[in-house]
Amino acid sequence: MFQLLIPLLLALKGHAQDNPENVQCGHRPAFPNSSWLPFHERLQVQNGECPWQVSIQMSRKHLCGGSILHWWWVLTAAHCFRRTLLDMAVVNVTVVMGTRTFSNIHSERKQVQKEEERTWDWCWMAQWVTTNGYDQYDDLNMHLEKLRVVQISRKECAKRINQLSRNMICAWNEPGTNGIFKVLTPAQPPPPSRETVGHLWFVLFMEPRDSSKWVSSVGA
(Lines of atoms letter the chains of each structure in order from A and count residues from 1; the text may use other names and numbers.)
(Lines give C-alpha, C1' and ligand atoms only; values in the text may rest on other atoms or scores of the structure.)
Protein backbone atom coordinates (compact mmCIF):
# COMPACT_ATOMS: atom_id res chain seq x y z
CA MET A 1 0.00 0.00 0.00
CA PHE A 2 2.91 2.33 0.74
CA GLN A 3 4.03 2.29 -2.88
CA LEU A 4 0.59 3.43 -4.02
CA LEU A 5 0.85 6.48 -1.79
CA ILE A 6 3.99 7.78 -3.52
CA PRO A 7 3.06 11.15 -5.05
CA LEU A 8 3.73 12.26 -8.58
CA LEU A 9 5.41 15.66 -8.71
CA LEU A 10 4.84 17.75 -11.80
CA ALA A 11 7.11 20.64 -12.69
CA LEU A 12 5.39 23.79 -13.89
CA LYS A 13 6.90 25.57 -16.86
CA GLY A 14 6.58 29.32 -16.65
CA HIS A 15 7.76 32.34 -14.71
CA ALA A 16 8.10 32.09 -10.95
CA GLN A 17 6.68 34.85 -8.84
CA ASP A 18 8.78 37.99 -8.80
CA ASN A 19 8.93 38.10 -5.00
CA PRO A 20 8.49 34.51 -3.79
CA GLU A 21 9.92 35.40 -0.38
CA ASN A 22 6.77 37.44 0.30
CA VAL A 23 4.49 34.45 -0.28
CA GLN A 24 3.61 32.50 2.88
CA CYS A 25 3.01 28.88 1.99
CA GLY A 26 -0.04 27.34 3.64
CA HIS A 27 -1.75 30.64 4.47
CA ARG A 28 -5.02 31.89 3.02
CA PRO A 29 -7.72 34.41 4.00
CA ALA A 30 -10.17 33.41 6.73
CA PHE A 31 -13.65 32.31 5.59
CA PRO A 32 -16.64 32.43 7.96
CA ASN A 33 -18.10 29.06 6.96
CA SER A 34 -14.97 27.02 7.62
CA SER A 35 -15.55 26.15 11.28
CA TRP A 36 -19.25 25.86 12.09
CA LEU A 37 -20.61 23.85 9.16
CA PRO A 38 -21.94 20.33 9.85
CA PHE A 39 -19.59 17.60 8.74
CA HIS A 40 -21.97 16.14 6.16
CA GLU A 41 -22.65 19.32 4.19
CA ARG A 42 -21.02 19.74 0.80
CA LEU A 43 -20.73 23.29 -0.47
CA GLN A 44 -19.16 24.97 -3.44
CA VAL A 45 -15.79 26.45 -2.58
CA GLN A 46 -15.63 30.23 -2.42
CA ASN A 47 -13.18 32.23 -4.52
CA GLY A 48 -9.75 32.08 -2.91
CA GLU A 49 -10.76 29.49 -0.30
CA CYS A 50 -8.57 26.71 -1.72
CA PRO A 51 -5.87 28.61 -3.62
CA TRP A 52 -3.61 25.55 -3.74
CA GLN A 53 -6.20 23.41 -5.55
CA VAL A 54 -5.63 22.84 -9.29
CA SER A 55 -7.02 20.72 -12.09
CA ILE A 56 -4.56 18.53 -14.02
CA GLN A 57 -5.91 18.07 -17.53
CA MET A 58 -5.09 15.89 -20.51
CA SER A 59 -6.05 17.35 -23.89
CA ARG A 60 -8.17 19.95 -22.01
CA LYS A 61 -10.14 17.26 -20.14
CA HIS A 62 -10.00 16.97 -16.34
CA LEU A 63 -7.75 14.07 -15.29
CA CYS A 64 -7.10 14.53 -11.56
CA GLY A 65 -7.02 17.16 -8.87
CA GLY A 66 -3.75 18.41 -7.44
CA SER A 67 -2.27 20.74 -4.83
CA ILE A 68 0.40 23.41 -5.25
CA LEU A 69 3.41 22.67 -3.03
CA HIS A 70 5.78 25.27 -4.45
CA TRP A 71 5.66 27.87 -7.22
CA TRP A 72 7.27 25.23 -9.47
CA TRP A 73 5.63 22.03 -8.18
CA VAL A 74 2.17 20.42 -8.06
CA LEU A 75 1.35 17.27 -6.06
CA THR A 76 -1.08 14.66 -7.40
CA ALA A 77 -1.69 10.91 -7.13
CA ALA A 78 0.67 8.70 -9.13
CA HIS A 79 -2.09 6.29 -10.15
CA CYS A 80 -3.78 9.07 -12.13
CA PHE A 81 -1.14 8.46 -14.79
CA ARG A 82 -1.16 4.95 -16.20
CA ARG A 83 2.02 5.79 -18.08
CA THR A 84 4.98 7.91 -17.09
CA LEU A 85 5.29 11.44 -18.42
CA LEU A 86 8.18 10.24 -20.58
CA ASP A 87 5.77 7.97 -22.46
CA MET A 88 3.03 10.57 -22.79
CA ALA A 89 2.52 13.46 -25.16
CA VAL A 90 3.51 16.02 -22.54
CA VAL A 91 2.31 18.89 -24.71
CA ASN A 92 -1.27 17.73 -23.98
CA VAL A 93 -0.89 17.87 -20.17
CA THR A 94 -1.76 21.19 -18.53
CA VAL A 95 -2.41 22.48 -15.01
CA VAL A 96 -5.37 24.84 -14.52
CA MET A 97 -5.16 27.11 -11.49
CA GLY A 98 -6.74 30.22 -10.05
CA THR A 99 -10.34 29.12 -10.61
CA ARG A 100 -13.09 27.13 -8.90
CA THR A 101 -15.05 26.34 -12.09
CA PHE A 102 -14.05 25.15 -15.54
CA SER A 103 -16.72 27.16 -17.35
CA ASN A 104 -14.32 30.11 -17.32
CA ILE A 105 -12.34 29.60 -20.52
CA HIS A 106 -9.87 32.28 -19.45
CA SER A 107 -8.53 30.27 -16.51
CA GLU A 108 -4.76 30.37 -16.20
CA ARG A 109 -3.05 27.30 -17.64
CA LYS A 110 0.53 26.19 -17.13
CA GLN A 111 2.29 23.71 -19.39
CA VAL A 112 3.77 20.66 -17.66
CA GLN A 113 7.43 19.65 -18.11
CA LYS A 114 8.96 16.25 -18.41
CA GLU A 115 5.44 10.29 16.97
CA GLU A 116 2.98 12.12 19.03
CA GLU A 117 -0.54 11.99 17.68
CA ARG A 118 -1.58 15.42 16.45
CA THR A 119 -5.16 16.65 16.58
CA TRP A 120 -6.12 19.03 13.78
CA ASP A 121 -8.67 21.79 14.21
CA TRP A 122 -10.17 21.31 10.74
CA CYS A 123 -10.00 18.66 8.06
CA TRP A 124 -11.51 19.23 4.63
CA MET A 125 -11.63 17.26 1.40
CA ALA A 126 -11.98 19.00 -1.96
CA GLN A 127 -13.35 17.42 -5.14
CA TRP A 128 -13.97 18.51 -8.73
CA VAL A 129 -17.60 17.65 -9.63
CA THR A 130 -19.85 18.17 -12.63
CA THR A 131 -22.18 21.18 -12.39
CA ASN A 132 -25.86 20.29 -12.00
CA GLY A 133 -27.68 20.22 -15.32
CA TYR A 134 -24.62 19.26 -17.33
CA ASP A 135 -23.46 15.92 -18.62
CA GLN A 136 -21.06 14.20 -16.21
CA TYR A 137 -18.51 13.89 -19.01
CA ASP A 138 -18.57 17.59 -19.87
CA ASP A 139 -15.25 18.56 -18.32
CA LEU A 140 -15.68 22.25 -19.15
CA ASN A 141 -18.55 22.63 -16.64
CA MET A 142 -17.18 21.51 -13.30
CA HIS A 143 -16.82 23.21 -9.94
CA LEU A 144 -14.82 22.65 -6.77
CA GLU A 145 -16.72 21.14 -3.84
CA LYS A 146 -15.62 20.70 -0.22
CA LEU A 147 -16.58 18.24 2.51
CA ARG A 148 -15.69 18.53 6.18
CA VAL A 149 -14.62 15.35 7.99
CA VAL A 150 -13.67 14.63 11.59
CA GLN A 151 -10.42 13.04 12.73
CA ILE A 152 -10.65 9.82 14.75
CA SER A 153 -8.08 8.43 17.17
CA ARG A 154 -5.29 6.07 16.18
CA LYS A 155 -6.76 3.43 18.52
CA GLU A 156 -10.09 3.52 16.71
CA CYS A 157 -8.41 3.70 13.31
CA ALA A 158 -6.24 0.66 14.06
CA LYS A 159 -9.41 -1.43 14.40
CA ARG A 160 -10.12 -0.82 10.72
CA ILE A 161 -6.62 -0.65 9.22
CA ASN A 162 -4.13 -3.50 9.66
CA GLN A 163 -1.00 -1.65 8.54
CA LEU A 164 -1.44 1.79 10.07
CA SER A 165 1.89 3.62 10.17
CA ARG A 166 2.76 6.40 12.60
CA ASN A 167 2.66 9.06 9.89
CA MET A 168 -1.00 8.39 9.02
CA ILE A 169 -4.17 9.88 10.45
CA CYS A 170 -7.76 8.74 9.91
CA ALA A 171 -10.91 10.75 9.31
CA TRP A 172 -14.48 10.15 8.24
CA ASN A 173 -17.79 11.94 7.87
CA GLU A 174 -19.91 12.64 10.91
CA PRO A 175 -21.47 9.34 12.18
CA GLY A 176 -24.94 8.75 10.77
CA THR A 177 -24.35 10.64 7.52
CA ASN A 178 -23.23 7.73 5.33
CA GLY A 179 -19.63 8.79 5.73
CA ILE A 180 -16.73 7.03 4.02
CA PHE A 181 -13.69 6.04 6.06
CA LYS A 182 -10.46 7.73 4.95
CA VAL A 183 -6.79 7.11 5.65
CA LEU A 184 -4.64 10.21 5.22
CA THR A 185 -0.88 10.64 5.15
CA PRO A 186 0.68 14.08 5.66
CA ALA A 187 2.81 15.25 2.73
CA GLN A 188 5.38 16.58 5.18
CA PRO A 189 6.24 15.92 8.86
CA PRO A 190 4.07 17.83 11.37
CA PRO A 191 5.64 21.04 12.70
CA PRO A 192 7.45 20.83 16.05
CA SER A 193 4.94 22.82 18.11
CA ARG A 194 1.40 24.11 17.84
CA GLU A 195 2.48 27.66 18.66
CA THR A 196 4.52 27.89 15.47
CA VAL A 197 1.67 26.72 13.24
CA GLY A 198 -0.86 29.55 13.42
CA HIS A 199 -3.43 28.84 10.72
CA LEU A 200 -1.24 26.91 8.30
CA TRP A 201 -2.78 24.35 5.97
CA PHE A 202 -1.11 21.03 5.14
CA VAL A 203 -1.75 18.71 2.19
CA LEU A 204 -2.58 15.07 2.92
CA PHE A 205 -2.43 12.01 0.70
CA MET A 206 -5.68 10.12 0.30
CA GLU A 207 -5.91 6.36 0.74
CA PRO A 208 -5.52 4.97 -2.85
CA ARG A 209 -9.06 3.77 -3.54
CA ASP A 210 -10.48 7.25 -2.87
CA SER A 211 -7.72 9.58 -4.02
CA SER A 212 -8.87 9.92 -7.63
CA LYS A 213 -11.69 12.21 -6.48
CA TRP A 214 -10.57 13.93 -3.31
CA VAL A 215 -7.57 15.96 -2.26
CA SER A 216 -7.45 16.59 1.47
CA SER A 217 -6.08 19.41 3.58
CA VAL A 218 -5.99 20.08 7.28
CA GLY A 219 -5.63 23.27 9.28
CA ALA A 220 -3.99 23.58 12.66
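Placed from the backbone N, Cα and C atoms, the Cβ positions cover glycine too.
Bear in mind that the values here come from a model prediction, so they are computed numbers and not experimental data.
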C50, C64 - which one Swiss-Prot pairs with C80 by disulfide: C64
C157 (disulfide bond), number of other Cβ atoms within 10 Å: 19
Rounded to the nearest Å - Cα separation of C157 (disulfide bond) and C80 (disulfide bond): 26
Residues near N92 (N-linked glycosylation site) in space but at least six apart in sequence (CB under 8 A): M58, S59
Sparsest-packed of the listed disulfide-bonded residues (C64, C80, C170) - C-beta count within 10 angstroms: C80
